[in-house]
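Features of the protein shown, as given by TrEMBL:
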{"type": "DOMAIN", "residues": "9-133", "note": "domain 'KfrA N-terminal DNA-binding'"}
{"type": "COILED", "residues": "106-182", "note": "coiled coil"}
{"type": "COMPBIAS", "residues": "221-248", "note": "compositional bias 'Basic and acidic residues'"}
{"type": "REGION", "residues": "221-318", "note": "region 'Disordered'"}
{"type": "COMPBIAS", "residues": "259-279", "note": "compositional bias 'Basic and acidic residues'"}
Amino acid sequence: MRPAEYAPDTIIQAGEALQAAGRNVTGFALRQKVGGGNPNRLKQVWEEHLARSAVAEAEPVAELPVEVAEELAAVAKALTERLTALAVELNDKAVKAAERRVREIVKAAGEQRELAERELADAAQTVEDLEQQLDGARGELMASRDQLAEGLAQRQSQAVELAQMRERVDAAEKVAKEAARAATQREADLLGQLQQARQAEQAAREREATANGQLLAAMQQHEENTQLSAELRRDLEKARKEAEDGRVHLQAAQARLDGAAREIEEARKQAREARDEAKQAAASAAERRGELKVLQQEIARLKDGKTSSQPHKDKGRH
């Protein structure tokens with residue numbers, strides 16, 4: 001792997017400079033700013049910097065209790081280890097079974113192919129032998145025909161001896177005809193054997209094609225086993241994702257618990273404010289009662305003064 005040409009700090013400074021200039025921070029803009037590099041890597045470094053900044057600026061949230069966090073970590077670790085071990089075991093068994101099956105099929109196909117090649121070689125040798133025999137029979141037939149022609153020529157040239165030689169000529173013709181029939185029959189037999197040899201050769205070729213088909217099927221089975229291994233890896237990734245989703249749900253539940261705690265604290269605050277307002281209302285009512293009591297006393301004094309002045313007025317009239 002080729003080492004990075006530009007340090008992350010250099011890339012981050014280039015991105016901040018682009019932001020300060022009001023430009024969009026893209027991979028090619030970073031490349032132009034730093035003077036080179038892979039645009040995808042430059043963009044990745046910048047996005048990681050933004051993610052770290054966002055995490056650093058996020059408000060702190062209440063952490064899980066130690067017991068819950070430890071239990072969650074233990075359960076997640078055990079689940080991950082179990083799923084990983086199960087996937088590795090299944091994948092190892094599938095691969096070993098597939099490899100063993102492929103070796104068996106390849107071995108059987110090789111043996112059948114070797115047998116077909118030997119049978120094909122035997123058939124070719126048989127065909128060659130039959131062709132040689134056929135050539136020999138044809139030679140014998142030609143020789144017999146030559147002998148017959150020679151005999152006929154001699155009969156024509158020896159017309160004087162025709163009567164004496166007739167019996168021998170008839171015998172020679174009979175022998176020649178029998179030889180011709182035998183040669184014809186021999187030729188037919190050889191042609192039949194040649195046809196059988198060709199059929200055997202064709203059967204050997206068909207067996208070789210069958211062996212090649214079995215070898216192709218074994219290769220296809222190996223490919224299917226490879227796909228099964230990939231599916232097992234995807235199932236493992238899905239299980240890991242489900243474990244991650246469980247952690248997300250737990251965090252959401254903790255967030256709802258924190259929200260409920262904040263609502264309870266707000267209700268307590270409102271209750272304290274209500275008690276303070278009640279105390280203030282009670283104090284105000286006490287002040288009003290004191291003022292009312294003072295007014296009542298003043299009214300009573302006024303009434304007493306009016307009552308005491310009434311007899312003096314009556315005496316003056318008398």
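The backbone N, Cα and C atoms fix where each Cβ goes, glycine too.
A quick note: this is a predicted structure, and the numbers were derived from the prediction, not measured.
Counting residues 6+ beyond its ends, the compositional bias 'Basic and acidic residues' (259-279) has no Cβ neighbours under 8 Å in the same chain. Sorting each residue of the domain 'KfrA N-terminal DNA-binding' (9-133) by its DSSP state yields 107 helix, 0 strand, 18 coil. As a summary of secondary structure, the compositional bias 'Basic and acidic residues' (259-279) carries 21 helix, 0 strand, 0 coil according to DSSP.
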